[in-house]
Amino acid sequence: MNVFALLFVVVGLGLIGWLTARARAVRFDRGGQKRLHSLPSQHGWYVAMWTVLPALLFVAAWTALSPALIRDQVLKAPAAAQLSDFAFERDTILGEARDVALGRADSTFDPTADALVAPMREAIAFYGWTGTAIAILLAFAGGAFAFSRISPAFRARTRVERGLMLILLVASLIAILTTIGIFLSLFWESIRFFAMVPPQDFLFSTHWSPQLIDPNNPGKSLGAVPLFWGTFFIGAVIAMLVAIPFGLMSAIYLTQYAAPRVRAWMKPMLEILAGVPTVVYGYFAALTVAPAVRDLAVHLGMPFASAESALAAGLVMGVMIIPFVSSLADDSIAAVPTAMRDGSLAMGATNSETISRVLLPAALPGVVAGVLLAVSRAIGETMIVVMAASGAANITLNPFESATTVTKQIVDLLTGESEFDSPKTLAAFALGLTLFVITLLLNIVALRVVKKYREAYE
Amino acid sequence: MSKRAAPAPVPERTPTDWKGAAMQKRIRRRYAAERRFKLFGMLAVILSAAFLAFLIATMVANGARGFTRSEVALDLDFPKMGLAVDRTHLSTPGADLALSGAGLQDKVEIAAESGGDHSLAANSAWITVRDAIKADPSILGGKRTIWVPASTALEMGARGEGTAAAQADASRLRSAGKLRTGFNWGFFTASNSNDPVAVGIWGALKGSLLTMLVTFLIAFPVGVLAAIYLEEYAPKNRWTDLIEVSINNLAAVPSIIFGLLGLAVFLGTWQIGGHSFGPLLPRSAAVVGGLTLALMIMPVIVIASRNAIKGVPPSIRDAALGIGASRIQVVFHHVLPLAMPGILTGTIIGMARALGETAPLLLIGMRAFIVTAPQGFTDPATVLPVQIFLWSDEVSRGFVEKTSAAIIVLLVFLLTMNGLAIYLRNKFETRW
């Protein structure tokens, strides 16, 4: 049975459990021999919990495990005897047979896979129905057990609340699990990558051309320094040259000068700018900004200027970051005690003198932290560079030349058709790990600065 | 005895002459600096606004035409075309196959050339004819005029652009009443195609809808429950700190990293106890995209929900506890309903972010060429932003306006969601 249908049935059983248990508790109440300890609906929740939770846990475990069980069963079939021992090839053929058996594909490429479709279909049906049967049985058993415990003196509320607390705890642990999952999955694939390519080649060599990998020495064409430089140049230099002055000045103007009515219109406008999806910025960069930048370069005397220049991607990325810088600067300026501002104004300083000599120095740690967060966001930004930057890995200081970034290369490496085990594909995970570690460090430093600074004035 | 140093003589100070020329000049200079500073601030805001206006204007100018389409009237003489089709087949599911097998595409194309050497109808025109035949097989017995999408060249000509020949064609057909331009409903009902005239966003829109449904069903409950635990029940210890730090960091992890996570966890090959087995979930499916995006926006929902819960004053909790509610009842009966507007605002903002997200979905393969809309959570699907990205890569001129039109649709959705969030925030912003 379909997993979604099964979930539906289990939740339906839970609802029935809730209704019957509640009805029974209400009857106790009406009987009036003894006062109920818990409300009838709490008895209902107790039974519903016992019906749904064990069955759901089982379904989750079964969905994860059954592919392995199905595989083992199929390998026992006579048709599987002629499969090669080579694991990768065998898995590809099994995958094909599974897709046909599930109706995801119409036919197989490999004739050996054809013979496996029937055993595969049998195994899938067998394990599917076994799983369904066990899940429904578990739901009934859990519900019956809980139902049998209901009595006027039964402390249903305490039990339900204990169960609920456990669910809350598990929900909050998912954040940690995600972090660990990200780290482990990146780390694992990166280790496989570094078994093929020496880390020093990857980190310090300056030649990047993943299209032409020499199988004997893959490290020779997988040196990521040009990508690191391109990422830094586009995200941390060009984009910040746009975002910092514009973001900071908008924040200052909106908090210190603008009339309330102007602010009421301008702040949502900046929020809209922040809500435009990056694919739209990317399209805009590729369609409008990049040709304009190239025309400018030709005008400036560079006849062979690239249409995929670092400048076009960096400019648009900077605009994208403006609202982000502006709102963080806004927060840290607002956190400066008004007494400092009033004191400066009372001494006769003009508004601009107060801002540049009192407010900004006092807010500087917060602003710096905001800039760090903005840099971390810019270097992780993907769609703008995928659509507007080039794939050519150059180390250049000329913004009109093309440069490529880590994120662009990850997308390029993973969207081509290639097998999962090649150094080319695994390089994407190594790049991802580098990106993750760098953004993580930037975030940790920034959050620490913000926290320390906030304590200073509170 | 110590000898005291004589105090240093205070220099005689003359009072500042504020009215003097030097001071007046200085003040003028300072005020000029003040005005300059203010002007820079205003310029920064105005330029940001101008950029937004320019971006939207560009998209609207390019995209407005994506919503209209020209149609040309084809006079088809079916008996002369000699379609070898068994009419009893036409009401069966095999009708599509039977009609294309009878060479309908070529024959419609020949009819559409109508004397000239190039087809006036779009490459996909035969599909319109096919659907008309399926709807009413009796038309095969005689002559019939059918309106079909115009070719890209004729479409340009109808707008007064393109080659002179196309413009001449267009004005000739229009005066003969054989060319009309109207709202392109097909853009909202069709899916992807090779022919820019025939493309639509319905498949991508439905894919987005399914993906968002999965994202919401996972991220919302988990995010809110986690926020409740951290804000109301968690003991202050190292574990809680670790959870907090990881949530704050996850909120700032680049979205593409979540794509790598989805690729490795949901679609990768697992090794458990000597068994290796294939992807847990089908590639390109809405359920994988939904799960990946759910992990991505969960921290946003947790942070917003915690702020909303923090905003509920302790007196509410004390009052509920005072009349005998349990700690769980306090939260679920009192705190949570009061915090709901804030939680919903954060959720809408998170969902808007997920709806506009492209990069992680590219990595998990939701970039397939989808001709029919996905029927379920496990069918191959694509989403609107990915569709925009795929169209932006097409070289054909007709795709530029379709891309912009799709962007307009996406922006309308996102601006509505963000506007709703801002409205909710202002309406329910309570000062306790």
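Every residue, even glycine, has its Cβ placed from backbone N, Cα and C.
Annotation comment: TrEMBL describes A:6-23 (among others) as transmembrane segment.
Residues annotated as transmembrane segment in TrEMBL: A:44-65 (among others). Away from its own ends, the transmembrane segment (A:44-65) comes close to residues 3, 6-7, 10-11, 13-15, 17-22, 25, 131, 134-136, 138-143, 145-147, 149-150, 156, 159-160, 163 of its chain (Cβ-Cβ under 8 Å, at least six residues beyond either end).
With a cut-off of 8 Å between Cβ atoms, the residues of this chain six or more beyond the transmembrane segment (A:124-146) that come close are 1, 6, 9-10, 13-14, 17, 21, 46-47, 49-55, 58-59, 62, 66, 69-70, 73, 98, 101-102. Look at TrEMBL and you will find A:124-146 (among others) tagged as transmembrane segment.
Summarising the annotation, TrEMBL assigns transmembrane segment to A:166-188 (among others).
For the transmembrane segment (A:227-248), same-chain residues at least 6 beyond its ends with a Cβ under 8 Å from one of its own Cβ atoms are 208, 310-311, 313-315, 317-319, 321-326, 329, 367, 371, 374-375, 378-379, 381, 385, 389, 393-397, 399, 403-407, 409, 431, 434. The annotation transmembrane segment is assigned in TrEMBL to A:227-248 (among others).
If you look up TrEMBL, you'll see A:229-446 marked as domain 'ABC transmembrane type-1'.
Taken from TrEMBL, the feature transmembrane segment covers A:269-290 (among others).
The feature transmembrane segment is assigned by TrEMBL to A:310-337 (among others). Counting only same-chain residues 6+ beyond the ends of the transmembrane segment (A:310-337), those with a CB under 8 A from a CB of the stretch are 230, 233-235, 237-244, 246-248, 250-252, 254-256, 270-271, 273-274, 276, 278, 281-282, 284-286, 289-290, 292-294, 358-360, 362-363, 365-367, 369-371, 373-374, 377-378, 381, 384-385, 388-389, 396, 399-403, 450, 453-454, 457.
Sequence annotations record features per position, and here TrEMBL assigns transmembrane segment to A:358-379 (among others). Tertiary proximity for the transmembrane segment (A:358-379) is limited to same-chain residues at least six positions away from its ends with a CB under 8 Å from its CB atoms, namely 231-232, 234-236, 239-240, 243-244, 247-248, 256, 317-318, 321, 324-325, 328-329, 331-333, 335-336, 340-341, 343-344, 349, 405-407, 435, 438-439, 442-443, 445-447, 449-450, 452-453.
When Cβ-Cβ distances below 8 Å are used as the criterion, the transmembrane segment (A:426-450) is approached by residues 182-183, 185-187, 189-190, 192-194, 196-197, 202, 210, 222, 224, 227-228, 332, 365-366, 368-370, 372-373, 375-376, 379-380, 406-407, 409-410, 413-414 of the same chain, each at least six residues removed from its ends. What TrEMBL lists as transmembrane segment is A:426-450 (among others).
Sequence-distant contacts of the transmembrane segment (A:6-23) (same chain, at least 6 residues past either end, Cβ-Cβ under 8 Å): 40-41, 43-52, 55-56, 59, 131-132, 135-136, 139-140, 143, 146-147, 150.
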